[in-house]
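Feature annotation from TrEMBL assigns domain 'Major facilitator superfamily (MFS) profile' to 7-669. The transmembrane segment feature in TrEMBL is assigned to 43-63, 75-94, 100-121, 133-157, 163-185, 514-536, 548-565, 577-602, 614-634, 640-663.
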Amino acid sequence: MREVVIVAIAATVGNVLVGWDSSTIAGGMSYIKKEFKLETDPTLEGLIMSTSFLTGTVVTIFSGTVSDMLGRRPMLIAASTMFFLSGLVMLWAPNVTVVLLSRLLNGIALALAITLTPLYISEIAPPDIRGTLNTLPQFSCSGGMFLAYIMVFSLSLVDSPSWRAMLAVVSIPSVAYFFLAVFYLPESPPWLVSKGRVTEAKKVLQRLRDTEDVSGELALLAEGMSPAGESTTVEEYIVTPAGDLMANKEAGRDCIKLYGPNQAGVSMVAQQVSGQGSMVFRSTLALPRQGSIVAQAANLKDPLVNLFGSVHDINPPPLDSGGSRAMLMGDTYSTDNLHAPLLSSQSSAMERDKAFGFKDALGTGNNDGNQVPKNTDIGGGWKLVYKSAESGSKEKGLQRVYLRADPNAVSSQQDSFAEGYDLNADSSEAFQASALVSQSVLCPKNMNMKPENAAKRTGFGGLSDIGVRRALVVGVGLQLLQQAAGINGFLYYAPQILDQAGVGALLSNFGISSTSASLLVNIITTFAMLPCIATSMRLMDVAGRRSIMLYTIPILIASLMVLMLRDLFHMSATLNAIVTAVSVLVYESCFVMGLGAIPNILCSEIFPTSVRGICISICSLTFWISILIVTSSFPFLLKLLGISGVIGLFVIGCISAWIFVYLKVPETKGMPLEVIIDFFAIGAKPE
């Protein structure tokens, strides 16, 4: 996975520049005010600070739609160009008008980097490390802030610091960002598949995964163009060694065949469990077992949360072994070649570009038996396999099956189905598996159908799908509550809070000015963020996104309560300054672990490829508008309620965020994007 990690790190250079910019403008604003005599014109001062936010809000409206049209990579290139130009303009800046122009260009760059970097990383990363890699933007942003504060602090110690040089330095790393985006970063494979450019997507995946056989993931990307429909079912399976059941073929029945990596042939087979309808199994996923239907109905959690939680359940419900077990495979298709690579090396260029409409790719032609792929893994313990529709089904043709074994049932088997993604044909034990079954894009009745035509709806029309609407509730809600928790109030006004607590006076004993003391506190705070984000990065794909937020938000509440109630205790000035500084430090450090990073990660995971850019734009627009509301209303609220009253509002925001996460936000760790999308689609449908 080395290559995909390097690509993800290269993509987050833009987020380093985001953090750098926020710190340098905060540190350089006092010098700009002094040179242009803005002390008597607070409106113009506020306009300089808010121009980037206003521009970012407008750009965000269009960035997702444009990225769906042109691709993710061109937008990252545009971001690097805007960072470079904004630095050059600021270096010249003879008057306030030119400063505003620089901030406008900077706002474009900020919006593109913040909106599209998590989306890009989610689309290139394998499910097993997607959360870790998508925490890199937060780490990079905090790292940029830390480095910038060191520079600004150093310049504040000289007699006449140059604010133009301070703000123009961003042009230097932006050149490196530009060359990385142009010459090193590949285009997103899901976007390429959505445009029918499957040959290019194959090459990118081979580079990122360091393997030749990427047919399984290509098939997954194609299936992701058509999320779960009304006919999608959640089913139960028994997975057993092939030798135990191959005799069923002689009885006129067949089953889904799972091929091992050694290419020796069928390793295991999957059989559907009869006697348990999909609705029954879905209800066991959607609601915990509490005995009665009344008790289940009283559960306040969104069924989506429980549906996703069933995937990560430590002790899933036991499988009923009674009754007959119907086989899955009809005789419509040649099962030996059903999993043949979708992009055969023997195909012509024209046939390869047909991608998922090519007959031989479906195994309905006379493909060479050597074309059986090395594996059917799609990450996170999931398999993508196929079966023919049942004879009585309205949906004729091929059906896709997202299959996942119960990890508890196979955890003791070395190189098992769930652990290591191999198939252990030597084991004599059968184990339980769950599956999502939908009509496949690889459908014989539409042989020439390309992936971009497979999506039910594209553009703004796709927002009407019930699964997309439910995902938007989660994404928009997280972005709103992230700002309601008060982070931007702290980032921009923490120096005032610390100054009122006497932290500046305490540090002045070291012989530095109050401005330098404030900057030094910011250096310490941003430095403390880095190990916290690194810890979050380590836990993101282990504990999960939902768990991290549920555990860190109470710490935010506790630190805010200390800040709100500290005046009720009679403390010395020194102790008051220390308590305030520690509380601010704990709050900001824990925030970046959970609510700071995870909303963007989840927003980049839960939307279908066909509307992912548009949905990300909607969530990002919510983010920018919320920032504008918080930053513009903070001074008014500070005057009206006082610092304790404002912090009390942030406490309410954090409590609301915890309740929302507990009731509405599902766990997505380790799940392929396409499976997440299908879960939202089926979980949002009424039972």
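Cβ coordinates come from backbone N, Cα and C, glycine included.
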Outside the transmembrane segment (75-94), six or more residues from its ends: residues with CB under 8 Å to it: 11, 14, 17, 21, 63, 66-67, 101-103, 105-106, 108-109, 112-113, 116-117, 120, 164-165, 167-172, 174-175, 177-178, 181-182, 185
Non-local residues, at least 6 beyond the ends, that sit with Cβ under 8 Å of the transmembrane segment (614-634): 49-50, 53-54, 56-57, 60-65, 68, 111, 114-116, 118-119, 459-460, 462-463, 468, 471-472, 475-476, 478-480, 482-484, 486, 488-489, 492-493, 599, 603-604, 607, 646
Folded-back contacts onto the transmembrane segment (577-602), same chain, C-beta under 8 angstroms, at least six residues removed: 114, 118, 122, 131, 134-135, 137-138, 142, 474-475, 478-479, 481-482, 485, 487, 490-491, 494, 497-498, 501-503, 505-506, 521, 524-525, 528-529, 532-533, 535-536, 540, 545, 548-549, 551-553, 555-556, 559-560, 562-563, 566, 571, 619, 623, 657, 665, 668
Recorded stretch that, among 43-63, 133-157, 163-185, 640-663, has the most CB pairs under 8 Å to the transmembrane segment (548-565): 640-663
Among 43-63, 133-157, 640-663, stretch most in contact with the transmembrane segment (163-185) (C-beta, under 8 angstroms): 133-157
Averaged pLDDT, computed only over the residues in the domain 'Major facilitator superfamily (MFS) profile' (7-669): 76
